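The structure appears right after this line, and notes come after that.
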Amino acid sequence: MQRKIVFLRQELTTRRYAFIWISIWLILIFSTWFSRPLTPFQETLFSGIVWELYQSGDWLYPQINGVYQHASYPLNYWLGIIIWKIFGVSEFSLRALASFFSLGTLFLTAWAAYQLWPDRRDVRANAPFVLIGSLMWTIFATANLDYLYFTFYLMLTMNFLIRAWRFKRDAWWLAYAISLTLGLYSAGLIFLLVAVPIIYLAPYWSPDRWKRIYLWGSLSIVVALLLFSLWAITASSALGFSLIDATGLSYIVKALNNTAPFYVYFLNLVIILFPWLFWLRIYRLYREVEWDASFRFVVFWFLCLIVVLGILSLTSLDALLPLYPALGLVIARIYRNGLSTKKDIALIVVIMIGAGLLLILIPQYYQSLNLPQWVGNVSPFWGIGLILFSITLLFNAANTRIMTLALMSVALTLALNFGVVRVALDFYDLKPVGERVSWYQGKGFTVGNVSTYRGHLQFEGRLTDPILEVFTMEDVAKLIADDPHARLILYVEKRDLLGDDIIEYWQPFRGRYLMIARADNVYKMLRGLREQGENREVFGITLY
């Protein structure tokens, strides 16, 4: 018998929990802002696109270094530009924008729990804690990533779907169509492929209303596609590329044709689901849970997401962020207060102790493992602290709650931010080299980049001129012919591969060395190597 729905007022208890969510969120945000620069290449690409659209005045289609990005969509960049128009150009405002979207996802998850189980304030209080307690969420939720925005729009869409279903009012389908449109403008057709399948599983979670859900859901999809097509058609006709490229359909086809091995997806799922996958008490509670319509909905939605993300080859860790709200609702609904045993959290403790041991041992043997030099500067005290924290968790097993595991993930994230990421600051910070390139361009020098340029210096250097891509010796020769004073950015494995008389700037970068040299000096060196019959490729430049 279906439980009667009673829509209750928000309780003070939930508001107290909301205060805790915001407090933890602020701790994570500020720790990230003070511990790391913009991360190459995702955050630097996002900020670079916003900068290029902002300074060019051409907002129609995302571009970087003068190249249109057919796997990117305009909404998030438009928001960044609007923020800059109001508050001025700054890295802080872009970080704040992403951070508010991550916080918004927590509240949308709580709202979904409230609509699904209005008489269960414990569910709506705990669901956001599952997100906070998921290690990868706490790491990625403070970064400017496309899938962070994706997850927000997905939750907005699902909330209006739930509202139309549970309130049985067709007017809410208009809000569903609008939120679908926002998702399309944020992530393209791939958003539709992730958000829509749950509609067509309606016979399993709403057997009495599935026909109406099919009808209104399909109409909403058509409306959203029409509104998205207005932008895509305008962009393709104005900028001279195909509608297929404008909508990102070619990107989806490419993703389907380059499916990652299943074991990669499986391993990433295990990482994404930590620590909840290893909390054994959840499995016992699952056997006792009431399978009401709302629980069926979130279970089918969660499983649907796992299948669809796997089919679309969205296998990177950040691409799996959309799983978290559904996971949070499932775990929060299963969970109820009670005593845990040491066996229940044994796997979590073992994994955390293992992570602590790695933090201690890897810096001691980084040279043998061919790791970057900064790894050797990581203090072993972070690993020792993590091990002690794990042992404390084991001896306090009876009091393990969702909030306990949430605080554990927060502690681990803080340890990574201050113990590892901050130590690696000089090896990822692109602001110095960006400023150097900006200085060259200010002097009128052309700057080239060996291999594909990923826009990682556009915002850091506030560049206004494009960087040319160089792949062969002929490209270097053309660069010099156009500008005898041109500079070349290279990425090399060893610092001593280029002499000090050639290098004008260098810094460690992602396990290699980023160097800037006069292009004519590099060309002379490459020509000498080619005459000696050296390898076909040197420094990423093809000799023959």
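Backbone N, Cα and C define each Cβ position, glycine as well.
According to TrEMBL, the protein has these features:
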type	residues	note
TRANSMEM	16-34	transmembrane segment
DOMAIN	55-244	domain 'ArnT-like N-terminal'
TRANSMEM	67-84	transmembrane segment
TRANSMEM	96-117	transmembrane segment
TRANSMEM	123-140	transmembrane segment
TRANSMEM	171-201	transmembrane segment
TRANSMEM	213-233	transmembrane segment
TRANSMEM	262-283	transmembrane segment
TRANSMEM	295-313	transmembrane segment
TRANSMEM	347-366	transmembrane segment
TRANSMEM	378-398	transmembrane segment
TRANSMEM	405-425	transmembrane segment
CB contact flag for the transmembrane segment (67-84) and the transmembrane segment (347-366), at least three pairs under 8 A: no
Do the transmembrane segment (405-425) and the transmembrane segment (16-34) come together with 3 or more C-beta pairs under 8 Å, pairs six or more apart in sequence? yes
Could you tell me whether the transmembrane segment (171-201) and the transmembrane segment (295-313) have 3+ CB pairs under 8 A, leaving out pairs under 6 positions apart? yes
So what's the average pLDDT for the domain 'ArnT-like N-terminal' (55-244)? 93
Outside the transmembrane segment (171-201), six or more residues from its ends: residues with CB under 8 Å to it: 71, 73-76, 146, 149-150, 153-154, 156-161, 163-164, 213-214, 216-221, 223-225, 227-228, 231, 247-249, 251-252, 255, 297, 300-301, 304-305, 308-309, 312, 314, 322
Residue numbers, six or more beyond the limits of the transmembrane segment (378-398), whose CB comes under 8 Å of its CB atoms: 339-342, 344-346, 348-349, 352-353, 355-364, 404, 408, 411-412, 415, 418-420, 423
What else in the chain is close to the transmembrane segment (16-34), if you only count residues 6 or more beyond its ends and a Cβ gap under 8 Å? 92, 95, 99, 102-103, 106-107, 110, 125, 128-129, 132, 138, 141-143, 403, 406-407, 410, 413-414, 417-418
